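*Asks:* Right, I'll just put the structure down here and ask away after.
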Amino acid sequence: MAFSLEEESGRIKDCWDNQEVPALSTCSNANIFRRINAILDDSLDFSKVCTTPINRGIHDQLPDFQDSEEAITSRMLFPTSAQESPRGLPDANGLCLGLQSLSLTGWDRPWSTQDSDSSAQSNTQSVLSMLQNPLGNVLGKTPLSFLSLDPLGSDLDKFPAPSVRGSRLDTRPILDSRSSSPSDSDTSGFSSGSDHLSDLISSLRISPPLPFLSMTGNGPRDPLKMGVGSRMDQEQAALAAVAPSPTSAPKRWPGTSVWPSWDLLGAPKDPFSIEREARLHRQAAAVNEATCTWSGQLPPRNYKNPIYSCKVFLGGVPWDITEAGLVNTFRVFGSLSVEWPGKDGKHPRCPPKGNMPKGYVYLVFELEKSVRALLQACSHDPLSPDGLSEYYFKMSSRRMRCKEVQVIPWVLADSNFVWSPSQRLDPSRTVFVGALHGMLNAEALAAILNDLFGGVVYAGIDTDKHKYPIGSGRVTFNNQRSYLKAVTAAFVEIKTTKFTKKVQIDPYLEDSLCLICSSQPGPFFCRDQVCFKYFCRSCWHWRHSMEGLRHHSPLMRNQKN
């Protein structure tokens, strides 16, 4: 029901102060009161009802009000506290609605909380004064409140007014219930007695639905942003000003939201969760079963004047060995340094304090000829079945005498193997192979994956700054089918006469833009066939917040290498 605007203060004052005018004959809401009285068996007293008819003449004399800038701000459903129009949003005392002493609690400050504004409750009365209005005789002494006008145009009017308990009008009854449990939010009051009576009470609106008008812009704004955004901003400002004590803090339902998609699009609780999952995936071979197995003999190695890396591996060193003991033992071959194996694949210059040595260590010589001299001093068996010579060197520590340790060098030629030199290498058909055994060179890796999937044209072993293997490699195929078969296999177990090792196969990653937004770098790759593309952080969370995609594991390039 729409009501006209009144300009003359005397007219408004007469509306409320004149107690001698006829009661119901000229009331603008007379028809509704009569229907309510009929439902209540004619038990209402209309002697105190305001006698203001609808004056359409005055309304017609205000054609320019809606077009003025002042009107725009005054008709905003949720005006800011800093900018209050001279006309403002019509309050209960400025409208002749046919109800004497009408006042909506919380209307003038819709974002006040229950606990932060106890003084306002004493100043603002309920819609129907229990001492002066006809409904008070029947409905008891509990003040009533009407539902607020929802900016989204929802169906809140279908719900009954939850005010029989005397609570303030909560303008966010669904977004932020202050009940301690869902059971406390059951509707009561009119709806429990008569739905028809509730509909009549709800029809007593104090103003027509107000359109969403821009306060400063030229064009219309999005209703969803206007309604929800302004609510959130004003609510936060009101709560910050009130700052209730912890003892008076209201109870809330835990973690509920009407728009769960907003939570999914927001920032994750752990901003580094993707990086952590990517690091965990690099060790996935240790906890996953192999999907296929290769067993056989590695191809023989025939070297002519090999060139070695200056770095060698020592396995089976005495547990009480020290860096000084290692340097004193091997400095006869040349100047060297010691790298102790550390956590996360790092090699610190000395063993961690309080930790026992891992049983192996790396020696880094300054010159390649020092490695040659070391190998000549080792005992080895050149007639091994796979053609791989095993070198052993005898050393001693304070508590162990003549301990034989294994020396594993690396020939630089073993780092790369090209099966077809004329074949162009396509990075999009290249896989990354992790968790490689130290005895596996590029030629052997190419032979194994070619036996399993076919189409191998190149294999390479990743090395560090000393050109020593770091336990991973790359294999390129000449067709998409072989490439996808290798990626799908994911985990392959390799069995030889010398070792058994499970390796991990993933797509080879390059620097790429996000293939969703095409505006941000895409450091995260999803290897699942449903996605199989690069993502930025925001697009990853957006895509993988969907049901059925949350189990996908991200891949990242190892920036250290």
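Cβ atoms are placed via backbone N, Cα and C, with glycine included.
Feature list, courtesy of Swiss-Prot:
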MOD_RES   Ser43  phosphoserine
MOD_RES   Thr171  phosphothreonine
COMPBIAS  176-194  compositional bias 'Low complexity'
DOMAIN    310-407  domain 'RRM 1'
SITE      Trp410  site 'Important for the positionning of RRM1 relative to RRM2'
DOMAIN    429-510  domain 'RRM 2'
BINDING   Cys514, Cys517, Cys536, Cys539  Zn(2+) 1 binding site
BINDING   Cys526, Cys531, His544, His552  Zn(2+) 2 binding site
*Asks:* For the recorded Zn(2+) 1 site, whose residues are Cys514, Cys517, Cys536, Cys539, find every other residue on that chain with a C-beta no more than 8 angstroms from the centre of their C-beta atoms, and list them by sequence position.
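*Replies:* For the Zn(2+) 1 site, the extra neighbours are Leu513, Leu515, Ile516, Ser518, Ser519, Gln520, Gly522, Tyr534, Phe535, Arg537, Ser538, Trp540.
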*Asks:* Is Trp410 (site 'Important for the positionning of RRM1 relative to RRM2') helix, strand or coil when read with DSSP?
*Replies:* coil
*Asks:* Just name the most isolated of the binding-site residues Cys514, Cys517, Cys526, Cys536, Cys539, going by other Cβ atoms within 10 Å of its Cβ.
*Replies:* Cys517
*Asks:* Could you put numbers on the helix, strand and coil content of the domain 'RRM 2' (429-510), residue by residue per DSSP?
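*Replies:* Breakdown, helix to coil: 23 helix, 35 strand, 24 coil.
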*Asks:* Write out, in the order they occur in the sequence, the residues of the chain not among Cys526, Cys531, His544, His552 that have a C-beta within 8 Å of the mean position of the C-beta atoms of the recorded Zn(2+) 2 site.
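*Replies:* After dropping the recorded site residues, what remains is Asp528, Val530, Phe535, Trp540, Arg543, Leu549, Ser553, Pro554.
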*Asks:* Counting only residues 6+ apart in the same chain, whose Cβ is under 8 Å from the Cβ of Trp410 (site 'Important for the positionning of RRM1 relative to RRM2')?
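*Replies:* In sequence order, the residues whose Cβ lies under 8 Å from that of Trp410 (site 'Important for the positionning of RRM1 relative to RRM2') (at least 6 apart) are Tyr308, Ser309, Lys311, Val312, Thr463, Lys467, Tyr468, Pro469.
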*Asks:* Inside 10 Å of the Cβ of His552 (Zn(2+) 2 binding site), count up the other Cβ atoms and send me the figure.
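*Replies:* Summing over all protein chains shown, His552 (Zn(2+) 2 binding site) has 16 other Cβ atoms within 10 Å.
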*Asks:* Which number gives the other C-beta atoms within 10 angstroms of the C-beta of Ser43 (phosphoserine), all protein chains shown included?
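*Replies:* Cβ-Cβ neighbours of Ser43 (phosphoserine) within 10 Å number 11.
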*Asks:* If you draw a 10 Å sphere around the Cβ of Cys531 (Zn(2+) 2 binding site), how many other Cβ atoms fall inside it, taking every protein chain shown into account?
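*Replies:* For Cys531 (Zn(2+) 2 binding site), the count of other Cβ atoms within 10 Å is 17.
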*Asks:* For His544 (Zn(2+) 2 binding site), which residues of its chain lie six or more apart in sequence with Cβ-Cβ distance below 8 Å?
*Replies:* Cys526, Arg550, His552
*Asks:* Between Cys514 (Zn(2+) 1 binding site) and Cys531 (Zn(2+) 2 binding site), how far is it from one CA atom to the other, in Å?
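*Replies:* For Cys514 (Zn(2+) 1 binding site) versus Cys531 (Zn(2+) 2 binding site), the Cα atoms are 12 Å apart.
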